[in-house]
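Colleague: I have a structure I would like to understand better, so I am pasting it below and will then ask my questions one at a time.
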Amino acid sequence: MHLLPRETDKLIVTTLGTLAQRRLARGLILNRAETIALISSQLQEFIRDGRHSVAELMDLGKKMLGRRHVRKGVPESIHTIQVEGTFPDGVFLVTVDDPISSDDGDLNNAFYGSFLPIPSADVFPAAPEPADTLLGALICRKEPIKINASRRRFKLEVKNAGDRPIQVGSHYHFLETNPALIFDRLLSYGYHLDIPAGTAVRFEPGEKKTVTMVEFGGKKIFHGGSGLASGSFDENLRETKVKEMVEKGGFGHKDQEKVEEGPTTEMNREVYASMFGPTTGDKIKLADMDLWIEVEKDYTVYGEECKFGGGKVLRDGGGQASGRHEHEVLDLVITNALIVDWNGIYKADIGVKNGIIVGIGKAGNPDMMDGVTDGMIVGSSTEVIAGEKLIITAGALDVHVHYICPQLMTEALASGITTVVGGGTGPADGSNATTCTSSSFYMQNMIKATDTVPLNFGFTGKGNDSGTNALRDVIEAGACGLKVHEDWGATPEVIDRALSIADEYDVQVNLHSDTLNESGYVESTLAAIKGRTIHSYHTEGAGGGHAPDIIVVCEYENVLPSSTNPTRPYAVNTLDEHLDMLMVCHHLDKSIPEDIAFADSRIRSETVAAEDVLQDTGAISMISSDCQAMGRIGEVITRTWRTAAKMKQFRGPLEGDEPTRDNNRVKRYVAKYTINPAITHGMSHLIGQVAVGCLADLVFWTAESFGARPEMILKGGVIAWAAMGDANASIPTVQPVIGRPMWGSQPEAAALNSIVWVSQASLDKDLVKRFNIKKRAEAVKNCRAIGKKDMKWNDSMPKMTVDPETYDVHADGVLCDVPPADKLPLTKRYFVY
């Protein structure tokens, strides 16, 4: 066949498009991906027929599917579908705007060439949805926004005496505009158009207009343009140097006899949000969940927003400062981002330098803009990512990872995980069951193997040893912590020894305790811990731990509890899948009754239900995956938000929240996979939060896909993963748009933008040189002097009891119980399989 990459790429469109047709034929309504694939695939087939022009196909693409054939929110979320194909006269782009624009569409076009039966229209009843239930719905406050407030303004009369149109952007020094414009140039010295940032005014040939001018902010130092008034603003220059330059350059000028003060410019909030994203007081619905966030603060300046593009703000002499060395300016600015983090839900520009977040606030050009945050200058050395209408979170940490196969890391990155902590050496039985990289030999191999993978890695050594020699060896070989697992014997002496060594080396201990109660009950384990800090894995117990009451550790200040995601949240199918998972990952045999009893003892509906409640109250502080050993690495984030959505449904708003303002709950849940695991494992000084001084590991989401599908992953300030279209296409948005590795994922770049987390002892023994690694090696720190009180939004320590016969769980005397969910958000609406 000798196919080109662009042809094999399009086979993805055909495969999913055909699958979507089959699903539609049997009466299933389509989700977003299926809808795009079906229309794209059919367009390709019509192109292949060679009987339609580009213009005809742009119209035909609207006449396939109707609103009744797709899920709620799909029509509003698909603004454009673009494909490229080979016409008789070459390869051309077909753009279909608003492809779902009728109720019924035309299924004859949707099924053309498929030979599938066309289903009756009666199978798809139309159901229009209220606007506030749409995916990612936005509710703006009512009062207008005043831009460029408290600045001097006047009305200026302008005429285009030229023979071609002239368009002037918001932050262009109006004095410097095209010589064919005739107006009072001396009057305009130090002023720009009083219009929303990034917009423009167009002057057609011969047209006269009166526009409002507003004085520049900042230091009023001008550069660029036509060079008429370069330098600091000086009123004395208006009638001297500036006038001379205008006359010398032949710039159109006419004295304006009457000068009127201009009114303050106001913007409708919906219009503002469409341009710059939501601002203070606006509310956003997250995906299809009944979770709403309200913007708490906007650090940008109304009228001075950074906006990139043709004729917009970030140009030389406008929002981009002139004459700066690269060390004076940002490497990257993310403009108008809505940040969702444990420390707030707010709007800001994010500045990145050398892969580190160096500023969160207002970026731009302090020479000509008000409110620019120190250290956030945009210059000609600055790259831009438009954050408008996107949500940004810190990269997720999954701190319960079995390193069974390299393919896990691709799935992790694609889902929004940027840091993994765990152990293993591949699909060995020990690694299938436990997160232990057990020796110096394997530690070196795994650190080397992941040296070019665009994730931050931490490796835990095996902590199951009543002696100390092997524990010291593995920590000094690069382990950032120890894992104590019952499959290797989680006895009191083992726990005590591991914690003693951890205290000595300042690393964390992750505990999977004794389901068998072989050496004692949970009380024996707590006695062995002796009040020292420990990370309790899958604290509910289905993943392992003292049966049936390991969950009581949630009451202790020194225990940092986490959940793994197979039980997140409790659903009608949760228990039925667990037995087979347990048998496989813990090397059990269904023919041995004791193995069956062991597995059964870990599966309890009562404690799984209680886990939902304790996650929601903040008594369980973290969520991780336990990937390929019962959990799913690509669903850490998704299952966290499903839990949050379920618990709002059953428990209502948290204290301090409202039905349409869930900021406290959102901060609680985002902390579970960002800041809290970072604190637990001694990494929060560099990762786990959107904060100055932290690595720029950032995840970009649309509101309608929040928690399900990231748009882009930034790794150490470099784009490592993104939704990207056909590489041969004329523009990057041509189908198939799928998640793909970007330049930051290339091996040499990955080593530059990522960290390997190790012990300080290993650095003292020159690990980097011994292992010849390229990644930045950082020591974990402050793993031992922390406790539950340090868990952000998740520091509750209720008095816990578990009935050993009924398994009922009480926290502070209150039964922790919710029914299993039979339907959850972030499910079929978002995923093809």
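Keep in mind that glycine also has a Cβ here, set from the backbone N, Cα and C atoms.
Remember, predicted model here, so these are calculated numbers, not experimental data.
What Swiss-Prot lists as active site, proton donor is H586, and the listing cites sequence analysis. The Ni(2+) 1 binding site feature in Swiss-Prot is assigned to H400, H402, K483, D626. Swiss-Prot lists H402, A433, H485, H512, A629 with the feature urea binding site. Taken from Swiss-Prot, the feature Ni(2+) 2 binding site covers K483, H512, H538, and the record attributes it to sequence analysis. As annotated by Swiss-Prot, domain 'Urease' applies to 395-833, with the evidence given as sequence analysis. According to Swiss-Prot, the N6-carboxylysine annotation covers K483.
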Colleague: What binding-site residues among H485, H512, H538 are found with a C-alpha within 10 angstroms of that of H402 (Ni(2+) 1 binding site)?
Modeller: none
Colleague: Most Cβ neighbours within 10 Å: which of the binding-site residues H400, H485, H512 is it?
Modeller: H400
Colleague: If you measure from the CA of H538 (Ni(2+) 2 binding site) out to 10 Å, which binding-site residues from the list H400, K483, H512 are inside that radius?
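Modeller: Near H538 (Ni(2+) 2 binding site) by Cα: H400, H512.
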Colleague: Whole-number Å only: compute the distance from the Cα of A433 (urea binding site) to the Cα of D626 (Ni(2+) 1 binding site).
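Modeller: Rounded to the nearest whole number, the Cα-Cα distance is 9 Å.
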Colleague: Which chain neighbours of the Ni(2+) 2 site, leaving out K483, H512, H538, have a Cβ atom within 8 Å of the mean position of the site's Cβ atoms?
Modeller: H400, T434, T435, V484, H485, N510, L511, S513, Y537, G543, G544, G545, D626
Colleague: Beyond H400, H402, K483, D626, what residues of that chain have CB atoms within 8 A of the centre of the Ni(2+) 1 site's CB atoms?
Modeller: V401, G422, G423, T434, T435, N510, H512, Y537, T564, S624, S625, C627, A629, G631
Colleague: Could you give the Cα-Cα distance between H400 (Ni(2+) 1 binding site) and H485 (urea binding site), in whole Å?
Modeller: 12
Colleague: Just checking a number: largest C-alpha distance across H402, A433, H485, H512, A629 for the urea site, rounded to a whole Å.
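Modeller: With H402, A433, H485, H512, A629 as the binding residues for urea, the largest Cα distance is 13 Å.
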Colleague: What kind of secondary structure is A433 (urea binding site) part of, going by DSSP in three states?
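Modeller: Helix, per DSSP.
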Colleague: Rounded to an integer, what is the Cα-Cα distance in Å between D626 (Ni(2+) 1 binding site) and H512 (urea binding site)?
Modeller: 11
Colleague: How would DSSP class H402 (Ni(2+) 1 binding site) in three states?
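Modeller: The three-state answer is strand.
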